[in-house]
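Pulled from TrEMBL:
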TRANSMEM  24-47  transmembrane segment
DOMAIN    40-289  domain 'G-protein coupled receptors family 1 profile'
TRANSMEM  59-80  transmembrane segment
TRANSMEM  100-119  transmembrane segment
TRANSMEM  139-162  transmembrane segment
TRANSMEM  207-228  transmembrane segment
TRANSMEM  240-260  transmembrane segment
TRANSMEM  272-291  transmembrane segment
Amino acid sequence: MDNNNKTLFQQVVLLGFQLPRFKIPFFILVLILYSVALSSNVTIVGLVSSSPSLHHPMFFFLSHLSLSDIILTIDIVPMMLHGICNGGITIPMFACITQFQFFAIALTSECLLLAVMSYDRYLAICSPFHYITIMGTKLQYQLVISCWLLSFTISFVTVLFISKLEFCGSNIINHFFCDFVPLLRLSCSDTSIVEIENLALATPTTLFPVLFITATYICIFVTIFRIPSITGRQKAFSTCSSHLSVVGIFFGTLVTLYVVPSNGHSLSANKVLSLLYTLVTPLFNPLIYCLRNQEIRAAFQRYWQLKCLNKFIGKL
């Protein structure tokens, strides 16, 4: 196509969920889920940072997992709620690309943090006598900083390639946020370089954590089955069951959406699957850990009792 015949656009229309009959109930449902997910993750970050009993590597990594969920939900859900109310939303092109960048940062960091957490569980169960020595404060910060830096670098490189594309023709995205594939479909430029770059960076970033988590849990299960007492096996398994549940929900959704051929499900199914890992997974993560972990529940009870006591004293 000749450059003179191209009509470049500066705004993008996100159609979102077109549910005229169920707009209000669906809006209320999404708003409730978003509020619970956001408040739960913020609570975990606050509890871990303020409770001495939670100054433990597992909870330190969990707080950063909650931070990535906070970034993910704040980046996508408010705009989605606006689109539900108005039957769609129009945003500038740079805002669409920016939304994708924060989405990529959150998604990549969650993949890497889940791998780091599996390493933490591996050390705790397979090398309990060396756990404190190996998983010191310095290593904790090194692992977390590496996760965030790598996530930012990968997303920045991808966004840099996307920003060099020309966007023309239809400016409508049949989705509720700016994902990678819908963005490329708007371009009238050659997107092969961007696709190769994304394949070269995104594939190992997703594949290596999955393989690493699988390998660590094979070692964990072998160690657990060698424990002679049933009580000891149950106690060891309970320390990693929450993480294993989160891994299954998160990667299971991603594999279904991005690995299974797109012709296997409709656009509506894509939206529902995307809704699972952008809203439901950030909601499940804190609930799974809070319901299965006595230390978090105890820290929350102490926080709530202290808050009620301060409120009572303030009224005197």
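Think of each number as a place in line: the chain as shown, counted from 1.
Here the Cβ of each residue, glycine as well, is placed from N, Cα and C on the backbone.
TrEMBL entries are annotated by machine, without manual review.
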*Could you pull out which residues elsewhere in the chain have a CB under 8 Å from any CB of the transmembrane segment (59-80), counting only those six or more residues past its ends?*
14, 16-17, 30, 34, 37-38, 40-42, 44-45, 48-49, 89, 91, 99, 102-103, 105-107, 109-110, 113-114, 116-117, 120, 140, 143-144, 147-148, 176-177, 246, 278-279, 281-282, 285-286, 289, 295-296
*asked:* Quick test of the contact rule: Cβ under 8 Å, at least six residues beyond the ends. What residues does that give for the transmembrane segment (100-119)?
replied: 58, 61-62, 64-65, 68-69, 71-72, 75-76, 143-144, 146-148, 150-152, 154-156, 158-159, 162, 177-180, 183, 202, 205-206, 208-209, 212-213, 216-217, 243, 246-247, 250-251, 277-278
*Sort out the residues at least 6 away from either end of the transmembrane segment (207-228), same chain, that have Cβ-Cβ distances under 8 Å to it, and list them.*
111-112, 114-115, 118-119, 121-122, 125-126, 236-237, 240, 244, 247, 251
*Local confidence of the prediction over the domain 'G-protein coupled receptors family 1 profile' (40-289), expressed as mean pLDDT*: 87
